[in-house]
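Some notes on the structure that comes next.
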Amino acid sequence: MNVKMIRYIISKMMGVEGLLMLLPMMVGIIYDEHTSVYFLITAAILTAIYLLFGRKCPENMTIYAKEGLIIVATAWIFWSLAGALPFVLSKSIPSYVDAFFETVSGFTTTGSTILTEIEGLPKGILFWRSLTHWVGGMGVLVFVMVLTSLDEKNSMHLMRAEVPGPEADKLVPKARGTARILYGMYFALTAIEVVFLLAGGMNLFDAVTHAFSTAGTGGFSGYNASVAHFNSAYIDGVITVFMILFGINFNLYFFLLLKEFKSVFKNEELRAYLGIIAGATVVITCNITGGYHSLLKAFRYAVFQVASVITTTGFVTADFNKWPELSKCVLLLVMVIGASAGSTGGGIKVSRLLILVKSIRRELKTMIHPKAVNIVKVNGKKMKEETMRGVYVYFIAYILILIVSVLLISINNFDFTTSFTGVLTTLNNVGPGLNLVGPVENFAKFSDFSKIVFCVDMLIGRLEIFPFLMLFSPSLWSRKF
């Protein structure tokens, strides 16, 4: 194992995070807040780490799959550990465990929170919360890759380990070029959303922070009531549209730029994703109409919450804890399904669901016609057995982690719905669950042990299970491996 190279890259990443701290520091200066000094202190600490361990590049910079997995998993942990410092130093969140929870929730774009009085926080802290979503949306390593000069071969190993979905595709021959194209589209969509939110009457600070949270499909808001605070059908509509857009595979936007419209409109995952949103919205709208004054109002809240949950954003405009059981079940279902592969959303991904459903159909056909040759195709492309096996193992691991986590959280002795949906929402990087972790509740009531379990679930969910679990594999650390 190339320890020097791993240490060098992690140190370099800490230096980049130190530079990031300057943005909320500037916000604090603009609003004349004392928090600026705490971001400066954190930036100084991270810069010192970089200067100590990251200035001299090792001779051997080769990254194999093993090193790639270690770098990805440890990078997210270290970024979260460091990102919690401004919360603690400013005493916005005095408990380090709580601050770590909030930071992990930010970078993994989960949006679950332990905060009870969000409006009272300084602007610099609120900006940092939302910025963690925006950076974490595309992945912290992809972000660093855009800003630094990592070797091309090494960059692709890191992208494969971090990018969500069954497979990682390159848009152009060079991985770094792919990362820059993705971030270019990501930035453009974010900027467009800011403009639309400003047109709806939001001030610049709220527009930027809510656009950051939408882009990363995170869900942090500067208000306890989330997006419901604005009480605006226009703002609800804008955020709904952009949540759906950020839940789409970014490769498809690249195809649109190349005018390859056929590749976009025939994409099976996109059609399934939009179909699930439409179907869930119709069911919930019909189910909750009696609780609202009109069908249009029921539709407004239904489509917003469906988009928020399936994209794993977690913004709230209605307390769906009070909705009928059918509506809550539908929301839990789309929570598990999640967004598209290659998007900023979480969940198991629509592409994996497609592969699983088609695999089941293949097995049924094989049972009926044993001698027939049945292959699984997605978008006309034959799925490799290796990819399909990875999907099967992913589902098994997902269920096992869900069961173990629920058992551990049950130690708090809360009701089953609270424990189950608390794990489900953190594992899928959504944000709110049901009952005591519902849309108007938070995670402050849980013990420190449970908060750490939730943090692990958030990291496992964001890293798609295996890169994080591999840290605990003895063979990964063996020199003979």
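We count from 1, first residue shown onward.
Here the Cβ of each residue, glycine as well, is placed from N, Cα and C on the backbone.
When Gly15, Gly218 are compared with the K(+) site residues Thr109, Thr110, Thr312, Thr313, Asn429, Val430 in TrEMBL, the one appearing in that site is Gly218. Other C-beta atoms found within 10 angstroms of the C-beta of Thr110 (K(+) binding site) number 33, with every protein chain shown included. Pairs of Cβ atoms less than 8 Å apart link the transmembrane segment (270-292) most often to 330-357, out of 69-89, 233-258, 330-357, 391-411, 449-472. DSSP gives Thr110 (K(+) binding site) a coil state; it is part of no helix or strand. Of the ranges 69-89, 391-411, 449-472, the one with the most Cβ pairs under 8 Å to the transmembrane segment (12-31) is 69-89.
Long-range neighbours of Val430 (K(+) binding site) (same chain, six or more residues apart, CB within less than 8 Å of its CB): Thr110, Gly111, Gly219, Val309, Thr312, Thr313, Gly314, Met335, Gly346, Gly347, Leu424. Beyond the ends of the transmembrane segment (69-89), by six or more residues, the same chain brings 1, 6, 9-10, 13-14, 17, 21, 24, 35, 38-39, 41-42, 45-46, 63, 95-96, 98-100, 102-104, 106-108, 124-125, 128, 132, 140-141, 158, 161-162, 455, 459, 462-463, 466-468, 470-471, 476 to within a C-beta distance below 8 angstroms of the stretch. Excluding Thr109, Thr110, Gly218, Thr312, Thr313, Asn429, Val430 themselves, the residues of that chain whose CB lies within 8 A of the CB mean position for the K(+) site are, in sequence, Thr108, Gly111, Gly216, Thr217, Gly219, Thr311, Gly314, Gly345, Gly346, Asn428, Gly431.
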